[in-house]
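Asker: Take this structure, written in structure tokens, and hold onto it; I'll ask about it next.
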């Protein structure tokens, strides 16, 4: 049994769980990143990328000092160099534990979230709260050229980096696809997503790139590690000067996850949400 499998044996994901009635930071379940990174040749002490895991939580509520419910949408930014990610069902259960908990101030909610999530992840986690009608939550479109209308024949549905091809021309461009699909490593549930690739380097052949992205269709892994797998393969096969890979996964259980990884200095487009999130 792998180290990851040993860890996931005790995770709430895939198990029946009682929903908490009282605040409980102990519900958060960290998963060390290194166990999944080792097969990719990655070392936490010398990562070839920067990045974050951006989460949105749409089912966040608490009580004010008088017992009146307050609702909000939360955005969390978990750094890619944190020792651990946080298992999604445990995160959901933790947020549900706020439902009947009283807070005097909105800032107290943020302080509590930042403290507890940092403790679980082993690094600072940025927290922002939005009103449910905030314009920042409106869906937007991914920048760049969409690959999805290319006429390609597909043979592979597990990650196949050998599909990637590059030309001799050096370009700087942004490409995206909405055909990304991977699967939860615990439950096997499908994880649907969109992926953006921004780079400067030898021109990626579009047909080959789309075939490669589709090859994740039967792959089982966490969202965060799928993005790291994409990054590692693209760096190895295309050797770009600069690279950003960002996936925006469809919401499940009131949470969506949008990891990005980039070469030093790269940053994703302005925070955005897609229609499927």
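Backbone N, Cα and C define each Cβ position, glycine as well.
Remember, it's a predicted structure, so these values are computed and weren't measured experimentally.
For reference, Swiss-Prot lists these features for the protein:
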| type | residues | note |
| --- | --- | --- |
| ACT_SITE | 184 | active site, thioimide intermediate |
| ACT_SITE | 191 | active site, proton donor |
| BINDING | 86, 87, 88, 223, 224 | substrate binding site |
| BINDING | 88, 89, 252, 253 | NADPH binding site |
Asker: Which residues, in sequence order, are found in the same chain with Cβ within 8 Å of the centroid defined by the Cβ atoms of 86, 87, 88, 223, 224 at the substrate site, excluding those residues themselves?
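Answerer: Apart from the listed residues, the neighbours are 31, 53, 85, 91, 222, 257.
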Asker: Say you check the Cα of residue 223 (substrate binding site) against those of the recorded positions 89, 191, 253; which is nearest?
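Answerer: The smallest Cα gap between residue 223 (substrate binding site) and any of the recorded positions is with 191.
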Asker: Where the distance is taken from Cα to Cα, which of the recorded positions 87, 88, 184, 224 turns out closest to residue 252 (NADPH binding site)?
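Answerer: So, of the listed recorded positions, the one sitting closest to residue 252 (NADPH binding site) is 88.
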Asker: Filter the recorded positions 86, 191, 224 down to those whose C-alpha lies within 10 angstroms of the C-alpha of residue 184 (active site, thioimide intermediate); answer none if the list is empty.
Answerer: 191
Asker: What is the separation, in Å, between the Cα atoms of residue 253 (NADPH binding site) and residue 88 (substrate binding site)?
Answerer: 9
Asker: Give me the Cα-Cα distance between residue 191 (active site, proton donor) and residue 86 (substrate binding site), rounded to a whole Å.
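Answerer: It is 17 Å, counting Cα to Cα.
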Asker: Under 8 Å Cβ to Cβ from residue 224 (substrate binding site), same chain, six or more residues apart: give me those in sequence order, or none if nothing qualifies.
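Answerer: For residue 224 (substrate binding site), the qualifying residues are 33, 53, 80, 85, 257, 259.
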